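Novice: The structure follows.
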Amino acid sequence: MTQRFVALVPAAGSGSRFGGPSPKQYLQLSGRPLMWHTLRTLASVPAIDRVVVVLSPSDEWFDDFEWDIPGLEVLRVGGATRAQTVASGLANLGLGARDWVLVHDAARCCLSVAAVERLIAEVADDEVGGLLAVPVPDTVKRSDAGGRVSSTLARSGLWLAQTPQMFRAGLLTDSLSGRLDESVTDEASAIERMGLRPRLVEGDAANFKVTWPRDLTLARAILDARKGG
Ligand code: CTP
Ligand code: MG
């Protein structure tokens, strides 16, 4: 049976931590809107059959830019939370239950083709699915209310979850169909709620999420370096 691979990019957020006049996914970065780099990378992965971006129904920015990404599909069905955006995107895709969906944050614009290919290679035979993640490199502290260290966590076995997160359409739809409380901040946590254990695939730190304005310098440096070389 042929399996299809579909990249689903939630891009309906407002970028409240970043601030600014337009959502961060539309900021100019290395000559293009931030999210163009994200979509371009996903569209460059030979194994990926479809790239779908999910916008807010009230998005007033997307049409202002030239996207020139062949085959890019645009849905304007985003919701109030990331999980709702993903769920309504999925509901509008017409996928088979065993098709693979790679959900990737629009704001992770420094994703590399190699990292996506590693994820697909390691997860395509998995019954549950998996995600890119990086082992926590630093010592992790818990703070008390006064900004002092209350404890040091054992670092071993801790990972930082990234995206893409890759699950079969049927399982992912089921996992997102219940009540989506605030603890569901990524697809893997919805799958975990079902008692399943997604596979961790080692990614790299360059695939960080642009969250605050200070993240732009690094993102620009990475994208410019790739463009140049
Ligand atoms: N996202 C979405 N729908 C929402 C909220 C977020 O599609 N209702 C998307 C964002 O556009 C982003 C990804 O989910 O690509 C990761 O979310 P985050 O980095 O938190 O972006 P925002 O929610 O826009 O930022 P903030 O939390 O600072 O408001
Ligand atoms: Mg958010």
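Glycine is no exception: its Cβ is also placed from the backbone N, Cα and C atoms.
Annotation source TrEMBL lists site 'Transition state stabilizer' at Arg17, Lys24. Marked as site 'Positions MEP for the nucleophilic attack' by TrEMBL: Arg155, Lys209.
Explain the structural surroundings of these features, please.
Specialist: In the three-state DSSP classification, Arg17 (site 'Transition state stabilizer') falls within coil. Within the same chain, residues at least 6 positions away in sequence whose Cβ sits under 8 Å from that of Arg17 (site 'Transition state stabilizer') are Thr211, Trp212.
With a 10 A radius on its CB, Lys24 (site 'Transition state stabilizer') counts 28 other CB atoms from all the protein chains. DSSP gives Lys24 (site 'Transition state stabilizer') a helix state.
Annotation note: Arg155 (site 'Positions MEP for the nucleophilic attack') sits in a coil segment as assigned by DSSP. Its own atom aside, the Cβ of Arg155 (site 'Positions MEP for the nucleophilic attack') has 12 Cβ atoms within 10 angstroms in the protein chains shown.
All protein chains shown were included, and the count of other CB atoms within 10 Å of the CB of Lys209 (site 'Positions MEP for the nucleophilic attack') stands at 16.
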Novice: According to DSSP, which of helix, strand or coil covers Lys209 (site 'Positions MEP for the nucleophilic attack')?
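Specialist: Looking at the DSSP assignment, Lys209 (site 'Positions MEP for the nucleophilic attack') belongs to neither helix nor strand, so coil.
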